[in-house]
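Novice: The structure's right below; bear with me while I get my questions together.
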Amino acid sequence: TATPLCPHPTIRVRPLTCTETRRGDRQVVHSLGNSTVHVSAARHDATFGFSAVFDAGASQEAVFEGSGMRQLVELAIDGFSCTVFAFGQTGSGKTYTLMGPLTQTETRPAARGLLGLMQRSFACLLEQSRSRGSDVALSASYLEIYNEQVRDLLSPGPPCALPLRWSKTRGFYVENQLSVDFESLEAIADLLLQGSQRRRTSAHALNRHSSRSHALLTIHVRSQAHDPLQHMSPQPGACPSKQGTLCFVDLAGSERVKETGSSGELSVEANSINRSLLALGHCISLLAKPQGKRTHIPYRDSKLTRLLARSLGGSGVTLMVACISPSSRCLSETLSTLHYASRACRVTTRP
């Protein structure tokens, strides 16, 4: 399609945590039920509209069906480059939205109702590929960006830094990244858990399992339709093949060192996370400007923006899930996330 498409930001408001409730935090974010959220606090009274808003009571299935994730899977099978990324303050529910409970393991899987966008998309992808009557080859790659180093989460041995390259045909890509073929839901679920367990996490005052890196899981979909007349054709394999991708991006959360109590290595990680998120926000702000008023888009300012360049303003289809806390204590970060998502609404791509 040559039709311009927006990234369709959706908002998910998590419930107040037990700690926030005990502390007496007020709930300052409310879903109005018509794809809008209202922020009401001292000196702040604002309403934001998006393509979809999920309140604290929304199930994982409701988020999958209501966000447009199923359509994104179908577009990937049709050969498009598709991306979904979750962003927001640390502890706002990004990883839970994408993956489900952090306590799940290969021997102790999560309850079906708690599975995140990733596992539900895997099931949808396999179901769709089998029902379309085409030969589909699936493979996955999984990496993290930690302190501006790109590291493979699937290759054996300790994670080591991989070079990020540029080519005219591929754009930015990671050299020597491992790609693993899979054919079943169990196989890709195992790859997801294997990689996520190697990802850097730490505990601080706002989050016991804070992601200290940005993680990107990419599903590569290569499909070739069956030609019913192929046996009569002088050219075997005349049916064109399609190559699509479905990339899930779990961004590390923005955080204020004063609030998290981070020091030492945690502080270094936080500064690296915030710098890359600032670069991402800068790119989105520039892409949101009218075409004639755009200046140079500084994708090269961080490894994160280089790898998301195609998804943000190029030839991809992108879904953004902004996760926010309703707590009065998180008001500043929540407003920042909502403004961030509002700017993204004005970005258009031509898939």
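Note that Cβ sites are derived from N, Cα and C of the backbone, with glycine treated the same way.
Pulled the feature table from TrEMBL, pasting it below:
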DOMAIN    6-347  domain 'Kinesin motor'
BINDING   GLY88, GLN89, THR90, GLY91, SER92, GLY93, LYS94, THR95  ATP binding site
Novice: If you average the pLDDT over the domain 'Kinesin motor' (6-347), what number do you get?
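Specialist: Mean pLDDT, the domain 'Kinesin motor' (6-347): 85.
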Novice: Given a separation of at least six residues and a C-beta threshold under 8 Å, show me what packs close to SER92 (ATP binding site) in the same chain.
Specialist: ARG14, GLY253, CYS323, ILE324, SER325, CYS330, GLU333, THR337
Novice: Among the binding-site residues listed here, GLY88, GLY91, GLY93, whose Cβ has the fewest other Cβ atoms inside 10 Å?
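Specialist: The binding-site residues GLY88, GLY91, GLY93 were compared, and GLY93 has the fewest Cβ atoms within 10 Å.
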